[in-house]
Amino acid sequence: MTHMALEVKESLDERCNRILKNMEASLTARDRVGIQDFVLLDPYTSETAFLENLKKRFHENLIYTYIGTLLVSLPPHIYALADNVFRTMQSECNNHFILISGESGAGKTEASKKILQFYAVSCPSTKLLNNVRDRLLLSNPVLEAFGNAKTLKNNNSSRFGKYMDIQFDHQGGAVGGHILSYLLEKSRVVHQNHGERNFHIFYQLVEGGEEDLLRWLGLERNCTKYHFLVQGGCAKVSSINDKSDWKTVRKALSIIEFSESETEHLFAIIASVLHLGNVKFEANVQGYAALNDNQEMHWVSKLLGIPNQVLKEGLTHRKIEAKTEEVLSPFSVDHAVYARDALAKAIYGRTFNWLVNKINESLANKDSSRKTVIGLLDIYGFEVFNLNSFEQFCINYCNEKLQQLFIQLTLKSEQEEYETEGIEWEPVPYFNNKIICELVEEKFRGIISLLDEECLRPGEATDLTFLEKMEEEIGGHPHFMTHKLADKKTRKTLERGDFRLLHYAGEVTYCVVGFLDKNNDLLYRSGKEVMQQSKNAIIRHCFPSTEPDSKRRPETVVTQFKNSLADLAEILMAKEAWYVRCIKPNEAKQPGHFDDVLVRHQVKYLGLMEHLRVRRAGFAYRRKYEIFLQRYKALCPETWPNWKGTAAEGVRCLIKHLGFKPDEYKLGRTKIFIRHPRTLFATEDAFQVCKHKLATRIQAKYKGYKVKEDFLRQKEAATKIENCWRGMMARKEREKRAWAVKVIKKFIKGFMTRNQPACVDNSEYLTYVRLNYLTRLKENLPKTVLEKDAWLTPPPIMKEVSQLLKTIYIRCMVRKYMSGLSVQRKAQLLLKSQTSSMFKGRKENYPFSVSRIFLDTRIALEDINTRILQMIRHEHIKYSVPVVKYDRNGFRPRLRQLIFTQEAAYLAEEAKIKQRIDYSCLKGVSVSNLSDNFLILHVTCDDSKQKGDLVLQCEHLFEALTKLSVIADKQNCIKVVQGSVRFDIQPGREGFIDFKSGQESMVYRAKNGHLMVESTRTKTR
């Protein structure tokens, strides 16, 4: 046990030291991320500076900041604090509590759940401990279902205060727990403000309950059917999943060991409250309240196990004792409604207390050995609304008491630390809210006493008589104000039924209306007696028959609450305190948005500035000598790099060197205390400057040492490598030369015998020759078919192979080229091939035609006269081209159209066919070998009237002749001649055309009567 405690102590010290080092390291970036501990805030009395620091850390996503041991969480993040509490409890073996407070919706309930989850995960695990852990965790959803509700500010607002003790054994395992509840808001059962809901369990039962269960309870799956659920006008909320929450509650009840019977009775009570809310009263003839036999009364009677008649009588009559007998006094309708609502509140409130006690039985630790405890207090925060009533008065009174306790514990811890360190205690000026607490709770003269007195006195006591009583008794108190007591200016801000209290956190105005009714919270004796006849086991337990008779009135609500707070304060004073103040950054639940006004409001009402003033009244900074010396020893030459003496002596030497003034610090037994943050910041800034200089010097020394060490090591290594390398290279060189001699010899011998048949002497040389040729051939292969003659000349031994490779390669290129041709391109090449076979090497200007594309026709159908088209319509026009026709007599040039059809060639002039030549009558076609464009069509002349041969000049000579040869199948009829061409002018009469080359192209009739065609000589490409 002792050994383990020492280990925990050591680990705790190490952890604390690491946290402190991290906090001091953050001082470096304080301008950017703010101060991590508000105690180090220099203008600590400035609320603006406080908010600015909080905002700066919020925007840097640093969501928690300390005020000494108090954690300000925005939004809640309390794992570090929960861990510190747990480890401190283990090391010191004492009891602790964590007080979680904040405005509604700030995250108190979530923070409490996070702490429970943290302990559930981090504590030791066994089967027994796991059962306790599960019950601790699942007590939350049950209590939330029965004690939480949607309010205007929060969809899961706790409507009761909760204190939970978690019990740990000596090994740190959670072995049990106990829950205390405070001031459940019972009035919510019967009334909700607009935009708010009743307790979650009602909606969960109606929306999520099984069909059989609802049928047994007499409920419909429709919240709007029940009066107690619709007053807020928001029975359904999109962000709340009542069905899913119902399943969680059912599971939790089974794990917390609720029996099936207890669960049924519990849900029967919840359903009975809903039915009770739907009970309506009518006035009878005498004007008293009467009840008909309606369905709702039937279900209330059945679910609570109370006879219908007894229940009716209890809701419509009141028992009055008159000497020795009891008289039933009938209710008016208003009194009956009041009695019904009071009964509903009593049933729910007592059932809630039974539920808390049942959970406590489940969490109870059966082992009687000593246990350490961590308490979680999830309590209401200070509330200031537009209309503040009895509930806000109680809640704010609770906060006054907790603030009083908080200041006392803080001062106590400060004073103890001063005494431990041997430093003189300096009185701390702070606002002591004892005066406010006494104003509220003082016997006979306090507000609570006056309220109880007004509730209990005979006669017509009203809220206004209570107000008058306060004005009479405490009217002169500096923290109390009413409309009657106020000056003219202040009176404008107060209604006649209001009173104002100046709390520690600011002024709050309360409306006195409803104070007496809410404080009385009376349940008529007749209603209590009716409940005592119930067959429901839980109701019987909540309304025991042994309960003292109510001849003496029970304690009022506020007195019960006051006594509960006194008990709570006694519990808390016996424990070490830790605090979490939850702050919500904005009302809209938006991430990254910081509402300055809202946060300022919460900082004020949480008393953070007051707490900071108390913490800063003495010394802002305190650290153990070892930690302080370790961080700042570099600032003094005597303490750097290693101090030989004690840490305390080292710190004295250090602060003397730094020149601290006597009023700026105190030296305790184990710690140094620094009064002002500016002193610490100056020291930190000097350390940052010194750190860079030291780092530079250390780097220089280290780099020099490393470089020298590396140089010597590399030099030695280089020498060894050099020796080995030289030996290896010499051996390789010798082997290479011996190999080279052999190769050269073999190569020379092979070259000398290269022309001999293959043998041992020349086989390698011939292989080299083949390989060399094939390698060069691979790099110099022709790129196109047209380069086939550029084949690399082979050596004699490779001639046959080279020719075979050339043939294969050319075929491959041709096949590759042909596979990439379109149909049109193939047809074009066939025509070009035909032209080549007729004119290549025979006609001078043939090379110029190779690159020109042959068209299907040169004259479009629309350009041919329609009369001509009609004349030859039975024949299919294959090709047409414009030509110049020279007369047989005189050789006059005339423009004509040459048309090839399937059967004949036509020479046309506008709308007239000048000559038709059947392909069968075409004897041949003559062209010269020069670069002119003349062609002579020779036709058979059997009749003297028939026209003779045609002399034509055509721009597209090669295209026209190729088309003619294909259409008429006259490839062999086309002749290329030199010099002169004879042609028939008509049968029996001849003519001649002479062709020659000249300086320019011209056509004319020569003196000898021949047609002279002179053309320029073209350069062959």
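Cβ atoms here come from the backbone N, Cα and C positions, even for glycine.
Where the annotation comes from TrEMBL, it is an automatic prediction and has not been curated.
Marked as ATP binding site by TrEMBL: GLY102, GLU103, SER104, GLY105, ALA106, GLY107, LYS108, THR109. The annotation domain 'Myosin motor' is assigned in TrEMBL to 34-688. According to TrEMBL, the feature domain 'TH1' maps to 843-1017. According to TrEMBL, the feature region 'Actin-binding' maps to 565-587.
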Express the predicted model's confidence over the region 'Actin-binding' (565-587) as a mean pLDDT, rounded to an integer.
82
Give the number of CB atoms, excluding that of GLY107 (ATP binding site) itself, located within 10 Å of its CB.
23
If you take the centroid of the Cβ atoms of GLY102, GLU103, SER104, GLY105, ALA106, GLY107, LYS108, THR109, the listed ATP site, which other residues of that chain have their Cβ within 8 Å of it?
ASN154, SER157, GLY381, CYS582, LYS584
Can you count helix, strand and coil residues in the region 'Actin-binding' (565-587) using DSSP?
9 helix, 7 strand, 7 coil
What is the total of other Cβ atoms whose distance to the Cβ of ALA106 (ATP binding site) is within 10 Å?
25
If one looks at the chain holding GLY105 (ATP binding site), which residues at least 6 apart in sequence have a CB under 8 angstroms from its CB?
LYS153, ASN154, SER157, LYS584, GLU587
